[in-house]
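Features as listed in TrEMBL:
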type	residues	note
ACT_SITE	SER262	active site, nucleophile
ACT_SITE	ASP315	active site, charge relay system
ACT_SITE	HIS402	active site, charge relay system
Amino acid sequence: MSFLPSLNPIPSLPKYPGPYTVGTIDVEFPLSLLPPVTPHTPPDTSHIKTLLFRIFYPAIPDPHPQRATWLSHPQRQHIAAYGGFLGLNKALSEVLSWVPRHLHWTVLPAHKNATMVQPPPDGKWPTAIFSHGLGGTRNTYSHIAGSLASHGVVVFCIEHREQSAALTTIRDPDEKTGSKVVEYKRLPHELNKEVWGVRDAQLRVRLWEVALLYEVLVKLGRGEGDVVEGNLNSSTPRDVFAQFLGKLNVLDPGRVIFAGHSFGGSTVVQLLKSVFYADHSILKDKVITERLFIPSSTASIRQQITPHTPTILLDMWCLPLVSPTTRCLYHLPLPAYTPSGPGGSTILAIESDAFVVWRPHLHTKAQLFSPSPSLSHKTPITLESFGDFPQPYWFYPVGSAHIAQSDFAPLFPTLIRHGFKCEADVGRVLRLNVRAMVQFLRGRGYRVTGTARGECVEGLGNVASEGDWIDDDAVILERGDGKVEGWKAIEVVGLGGERGLIREEARI
């Protein structure tokens, strides 16, 4: 079957749904300018000399904007890397014979190096950190990140350097030219000592990188100008990066939003627990190799992670959380479930249909979302076990595929539909994801803009407003089927009693 007839000559990304124009900049920052975040730097990371991330933010419209390409440089190598990750055999060969002449022209709908809109009356923009999944990059979730920015959230998309990105390059701050290429490491879908070891090592680096990125946010939040001078990316003018100084809500504990897809979701969960329980008695007797991340006593991330930290998990992949090394933290509840915490109201999880039907994985995740997670439960989770805690917000778009929350979905909808068996309209999948994320943040007290009425074609519920923008899209987070077309809630209660992942073959 050929996928080409339905592909546009140049694959394109949809416009962002919120009222703000979106700006974007690219930053590569030397680690030497950041304080250490752990006394135990991950081994075999001497080549990682920088952090690489893209920022999406609310911007002033420009009639003649610059555009950033979706494909990072070197483009040809990135195309080959994406193809190798997707592994589509004959279909892939057909696509790759055509794509290189077109995909390099695909641009982000965001304005490159745009002027930032002045933040709300309190002077600070809500800020999120987004961690990508396997085969991703800092650009791969640009629609999700840009959509949040169009509603008034500044999003930092990190590119991980531990061989989980499709391809990444690392500059040496001491060298004027050249960079080191780090390629994706493909692993077998098996649970064994070797695979666990590599995943543990990757997760160790990811936690370290996100904690370092938060140190960058702290410098920006405090208005420290040296962070602007440190950027190695010459395509980002210093005055544009300087716009973020003192404008981000990143210093108040529990206000930075942590989000991720797949491996990025498990990165977020492991980070929250590693930091929040850093001094917990259950970890005291663990040797260094049995703890993936131990934050320094002076690491800023220690003050940021609280029971109230908003957590957005897109089709989180649980396997990295149940290795022999990570299981001790799996059995501790998410910080939200500590006695003084708000419970599941700080957690939004959006699955794909593909992960919902993976039942051992779903049961393992349900345990993780409960106040008393366990890998050995033999009975379903009960409502009584939640006590006064609310359950997390947990939903999925019917017929969706794991890859449908990334930019691959709008860029190659026919390929996603046939190659990945995505029965749902990919535009609807992304639309529902964004609606839920914006409403979740609205409910957590973040000043985000209204949701466009045109984005709510799957159902509005009992919305009183007749205007073009809806200030409270409550129906998208209401439990019960049928309230929003093609959008179903998942109840933690009743799950968790069947065989989990430990005895199952890995799937990605």
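Positions of Cβ are set from backbone N, Cα and C atoms, glycine also.
Remember, TrEMBL labels are computer predictions, not curated facts.
In sequence order, GLY133, HIS261, SER262, GLY265, ILE350, GLU351, SER352, PHE355, HIS402, GLN405 constitute the residues six or more apart from ASP315 (active site, charge relay system) in its chain with CB-CB distances below 8 Å.
Over all protein chains present, the Cβ of the residue listed as 'active site, nucleophile' has 27 other Cβ atoms lying within 10 Å.
Using a 10 Å Cβ-Cβ cutoff, HIS402 (active site, charge relay system) registers 22 neighbours.
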